[in-house]
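Annotated features, as they stand in Swiss-Prot:
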- GLU90: active site, proton acceptor (ACT_SITE)
- 97-330: domain 'Radical SAM core' (DOMAIN)
- CYS104-CYS335: disulfide bond (DISULFID)
- CYS111, CYS115, CYS118: [4Fe-4S] cluster binding site (BINDING)
- GLY157, GLU158, SER188, SER211, LEU212, HIS213, ASN292: S-adenosyl-L-methionine binding site (BINDING)
- CYS335: active site, S-methylcysteine intermediate (ACT_SITE)
Amino acid sequence: MKQTKTKYGKMKQIASNLKLPDYRYEQLTKAIFHQRIDNFHDMHILPKALRIALVNEFGKNVSSVTPIFSQDSKQAQKLLFELTDGERIEAVGLKYKQGWESFCISSQCGCSFGCRFCATGSAGFKRNLTADEITDQLLYFYFNDHRLNSISFMGMGEAFANPELFDAVKILTDQNLFGLSQRRITISTIGIIPGIQRLTKEFPQVNLAFSLHSPFESQRSDLMPINKRFPLNEVMKTLDEHIIHTGRRVFIAYIMLEGINDSKEHAEAIIGLLRNRGSWEHLYHIDLIPYNSTDKTTFKFQSSSAIKQFCSTLKKASISATVRTQFGSEISAACGQLCYENEL
């Protein structure tokens with residue numbers, strides 16, 4: 001990552017151009033990440049010349065995303081952010097009873113992959129987010145006194161389709177910035193093989209989630225056109241390599257669509273897909289997700305009893321599986337529901 005590519009590199013360069021000692025940049029990052037100061041004018045520990053230069057470069061605020069709409073439910077908050085060019089993205093904060101806070105952030109404005117059950121793609125693809133725009137979603141929550149316990153790239157867009165993703169992860173794991181452990185971060189993918197391979201090499205401890213949704217190649221290609229480019233069989237081989245290299249569990253997301261992918265044959269095919277892969281096969285975990293309805297798709301919600309039966313079939317075959325407990329569906333903040341066209 002080039003030093004001046006992200007805002008933090010630019011901040012360091014600005015201090016250097018002013019011929020200030022290195023500790024001034026350290027004071028700046030501490031003001032952001034220890035004192036949670038979002039306004040450069042309020043960073044009184046910094047020389048006035050540096051504060052003015054920072055405002056001239058970035059504007060008065062550290063964060064570049066502006067919240068313009070918010071919806072809350074009992075355990076979820078969905079925020080609509082506007083970017084400096086007027087584009088919009090959504091992010092979701094989740095709060096659990098134990099006090100744990102998790103945040104689902106976006107990596108793209110819209111999505112180009114056209115998964116039939118997902119509302120995000122209906123808005124079309126606008127552009128990739130920069131590394132700063134990705135991480136600034138979290139800065140907003142942090143500046144508003146939230147605890148960044150865990151992060152998931154499960155918002156709008158396919159994370160591995162955005163080259164800026166890895167710079168964003170570097171920022172998140174930099175001990176002088178966000179300082180997050182790799183194991184507190186989860187990246188979800190529809191199966192972009194080069195992205196999985198790069199993650200394996202560069203961030204082996206980051207959690208990986210793979211969106212399966214059908215164990216049959218032809219049906220998966222129909223539901224998820226990306227399967228024609230990266231067939232399931234090839235993706236699974238790549239996931240095997242990831243597990244062998246990292247020793248880490250891979251989560252396989254499976255949205256339950258009534259009458260589409262919920263049959264006994266589907267369960268048996270999943271069992272066949274995960275069996276006899278090798279000594280590491282126990283590190284695959286199936287995450288069954290109740291479908292969240294939207295006005296953008298025509299699929300139907302599967303009953304909880306049917307989902308539990310599907311899960312039971314997998315478990316009887318010694319497949320690790322659970323049914324995901326979801327929050328935020330009532331405010332369209334759950335899996336597959338993010339679509340900023342619904343707002344305002």
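Note that Cβ sites are derived from N, Cα and C of the backbone, with glycine treated the same way.
Feature map: annotations from Swiss-Prot on the structure.
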residue	record	DSSP (3 states)
GLU90	active site, proton acceptor	strand
CYS104	disulfide bond	strand
CYS111	[4Fe-4S] cluster binding site	coil
GLY157	S-adenosyl-L-methionine binding site	coil
SER188	S-adenosyl-L-methionine binding site	strand
SER211	S-adenosyl-L-methionine binding site	strand
ASN292	S-adenosyl-L-methionine binding site	coil
Cα-nearest neighbour of GLY157 (S-adenosyl-L-methionine binding site) within the listed recorded positions, CYS104, CYS111, CYS118: CYS111
Of GLU90, CYS111, CYS115, GLU158, HIS213, i.e. the recorded positions, those within 10 Å of CYS104 (disulfide bond) when Cα atoms are compared: GLU90
Rounded inter-Cα distance in Å - HIS213 (S-adenosyl-L-methionine binding site), CYS111 ([4Fe-4S] cluster binding site): 18
For CYS118 ([4Fe-4S] cluster binding site), the one of GLU158, SER211, LEU212, ASN292 that lies nearest, given that the binding-site residues are compared by Cα: ASN292
Cα distance (Å, whole number) from CYS115 ([4Fe-4S] cluster binding site) to SER211 (S-adenosyl-L-methionine binding site): 11
Rounded mean pLDDT for the residues that make up the domain 'Radical SAM core' (97-330): 94
Using Cα positions only, nearest of the recorded positions to LEU212 (S-adenosyl-L-methionine binding site) (GLU90, CYS111, CYS115): CYS115
Closest of GLU90, CYS111, CYS115 to GLU158 (S-adenosyl-L-methionine binding site), Cα positions, recorded positions only: CYS111
Helix, strand or coil at CYS118 ([4Fe-4S] cluster binding site) [DSSP, three-state]: coil
Nonlocal residues around CYS115 ([4Fe-4S] cluster binding site), in sequence order (Cβ under 8 Å, 6 or more apart): GLY121, ILE190, SER211, HIS213, LEU223, MET224, PRO225, ILE226
ASN292 (S-adenosyl-L-methionine binding site) to CYS111 ([4Fe-4S] cluster binding site) - Cα separation in whole Å: 18
